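The feature active site, proton acceptor is assigned by Swiss-Prot to H552. For A61, S62, E82, A83, N144, L145, M146, A147, A586, P597, L598, the entry in Swiss-Prot reads FAD binding site, with the evidence type similarity to another entry. Positions annotated as N-linked glycosylation site by Swiss-Prot: N92, N172, N182, N256, N284, N312, N421. According to Swiss-Prot, the signal peptide annotation covers 1-22.
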Amino acid sequence: MAGSPFTTALLSAWTLSTVAVGYPNGPWYQTPLGPDVVRDPTRYPGAIEKTVDYVVVGGGASGLTVAARLSEDPSVTVAIVEAGSFYQEVSNASVVPGYAADYLTGHIPPELDWGFNTEPQAGADGRVKHYTNAKTLGGNSAFNLMAYMTTSVGAMQKWAEEVDDDSWTYANVTRYFQKSLNFTGIDPHKRRANSTPELNPADVGYGGPLDVTYPNYAQPFSSWVKKAFDQVGMRPVGGFMSGELFGSSWVLDTINHTDGQRASSAKTFLEPILHRRENLFLYNRTLAERVLFDADRTATGVQASRGKTVFNLTATKEVVLTAGGLMTPQLLQVSGVGNAALLQELRIPVVLDAPQVGQQMEDHISFGVAHRVDVETNSALKYAGPRQHAVEEFNEAQAGILSSPGPDFGGFADIPSELRNFSASTHADLAGLPKDWPEGFFISFPVDVGFPQDGYNYAMIVCTLMTPMSRGHISIRSPSMHDRPVIDPRWLTSTSDVEIAVAAVRRIRQYLQMPVLERNVLVGGEVAPGPEVQTFAEIHDYLKKNFNSMSHPACTCRMGKKGDPDAVVDPKGRVFGVKNLRIADASVFRFLPPGLPLGVVYMVAEKIADDIKHDQKHGAGEEGLRTEF
C-alpha cells in the first residue's frame, strides 16, 4: 500500500508496542487522595496475612463493584487484592476526560499498564502488538473512552438461551444495568443546544454509585456527522440505553457531573466507602500469585505478594476472580485449573483438567477513514494557544474540549446491500446472530491518533466491528503471575471479519461523501487510507497495518450450562469442578455482545454479587460443583 505521511503517523500511533513515560501536555488538575488515605494502615494492611469472608482478586470495574456490594453488610469482611494503586498518584491522564483517547496512542504511564504484548498476529502482517491492560484501581474503567451503554434485547435473549437461564434475558438484567447508575442531565449553559440528546428517563438509573452524563462539550465535527447520518436515514435512538441499538445517538459517558472528572470504578464504587467501612480491606500494590485449594478442590484463599513478601489471604466463604479477560484465565492456569498437559509441562500441580480455560477469546477492533476538517477537533491540543485555553476552560468551569473524551456521537448499522459482496461463510456467520445485532458501530472520532502537526484540524469516522468471529486464546508460559501471559487474539483471521471490515471502510467513505459533510466540513481529499486505496486487497492491507484493538478481551472463562464443553463457569459465575470459586468479570461473557461492553461489565458484576449474597443466605445448590467436562 502506498503510504502518505499521515498514514505513517497513524500506523506508528495505533500500533505502538511500548508505552510513553508520561503525559506532557496535561492541565495539572490533580486530586490525589492524600496521605490520610494512602498511608492508613487499617485500610491498607500491607503484606499482612488476614482471614476474611471474601477475597476479591482484581480492583477494576467488576472487582470494585463486587467488593462494594458484598461489604454493604457490615458483618461481612472483604479483601480486595490489586496489583496497582490509585492512578491519581501517577498522572491526571485518567482524570481529565479529554485525555481518554491518548491511551490509544500509547500515552500510558508504565506504572499504570502491564506492558503486555501479543504473539505475532497473522491478521496484522505478523506484527506483535501492544495490548493495553490497566494496572491500577479502576482497571480499564480508568483507561477507556468512557462510553456507557447497554446491549440489545436479542443478544441477551441469545445469552439466556445458551446458558439455559432466563435470569439473563434483557428484561431480567435491566435492573442490574440501572442499579449501578446515577444519571445526571446536561448543563444547558455549557452544552450547545443543537447537541441536546434525547433519552427516556426510564432507561437509566438514579442514585447508584456510577455517575453517567453527557459531557459539557459537544464536538463540532460530531454535530455534522449527525447531519450526515440523518441524510442516509439513520434514525435517532435514545442513548443506546433501551435494548435497541440500531440508529444514532449522542453517547453517555462515565463522567462526574459536578467536577467534570472521569467516573472510574475507583472514584465511584471504592473511594466513597473506603474510610467508612471497617469491614473492607484494600491490598493495593499486591499481586495475587495463585488461588489456594484444599484436597477437596475447595478454594480457601489466595497467595499474594507485595514486593518480596509472600503471604496468604484466607477466604472463609468464597474467592471471587475479577482480574479481567486476560489475567483471570492466567491466574486460573497458574493455580492448577487449566489444560492438564500444559500444566504438567510447566510443573504446576493439576487441581482440575479444564482445557477450555483461556479459550474462545473475543475482542473488538476499530479502524477509520481520516480527513482534514474545517472545525476544531482535539488535534488542536497539539498547539500551545488552543491547549492553554482548553486547560483554563476545564479548570475553571469543567467545560470546553477537555471536558469530553472526544468520540461523543455514533450510530449502529448494518452494511448496506450494495456493499454486501460477502462469501457464503460470512452470510452463515451472520445468520447465527439475532436480527437486532448490528454489524458496526460508526463513531465520530475528532481526536488525535497521529495526525500531522501542520496547524490544521483532522478527524475520522471510525468503525468498531460488532460481529467479531475471530477467536483467540490466553495461555501461560510459566508457573508465575510475574511473567506475561501468552496473548493470541488472532484478530482479522476470520473471513467474515475481513469482509465486513473492508465493507465498513467503504461505508465510512459513503458517510463522508454526504453533501452536508463534503460541502461544509471536509477540506481537501481523504488523507487515510487515501484515494489510491480502493480494491479489496488494498483496503485489507490498510486494515492489517492500521486496525486498533479496543482492549475488550472477553469470553476466556466462558459462561455456559451443564454439559457445555466450552464453559468454565455456570450462570452464577461459579467455576465448574471446584468449590467456593467464582468469576465476575468480562471473561465469563457468553459472547461479546453488540454495543461497547462497559455497561455489560458492570451489569454482570452487579448480578453475580447478588447471586453470591443469595447463595450465602439460601444455599449455593450444586450447579457449580460439576467435576467432569
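Just so it is clear, glycine is given a Cβ too, placed from its N, Cα and C backbone atoms.
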For N182 (N-linked glycosylation site), the three-state DSSP class is strand
Nearest to N92 (N-linked glycosylation site) in three-dimensional space, by Cα, is which of the recorded positions A61, E82, N144, H552? N144
Which one is it: of the glycosylation sites N256, N312, N421, whose Cα lies the shortest distance from the Cα of N144 (FAD binding site)? N256
At the Cα level, what's the spacing in Å between N256 (N-linked glycosylation site) and N182 (N-linked glycosylation site), rounded? 9
Taking Cα atoms as reference points, which of the recorded positions N172, N182, N284, N421, H552 is nearest to E82 (FAD binding site)? N284
Per-residue Cβ crowding (10 Å cut-off), top of binding-site residues A61, M146, L598: A61
With neighbours defined as other CB atoms within 10 A, the best-packed of the recorded positions N92, N144, N182, N421 is N144
Just the number: how many Å between the Cα atoms of A61 (FAD binding site) and N312 (N-linked glycosylation site)? 24
Using only C-alpha positions, which one of M146, N172, N284, N421, A586 is spatially nearest N182 (N-linked glycosylation site)? These are the recorded positions in the record. M146
Given A586 (FAD binding site) and the residue listed as 'active site, proton acceptor', what distance in Å do their CA atoms have, once rounded to a whole number? 8
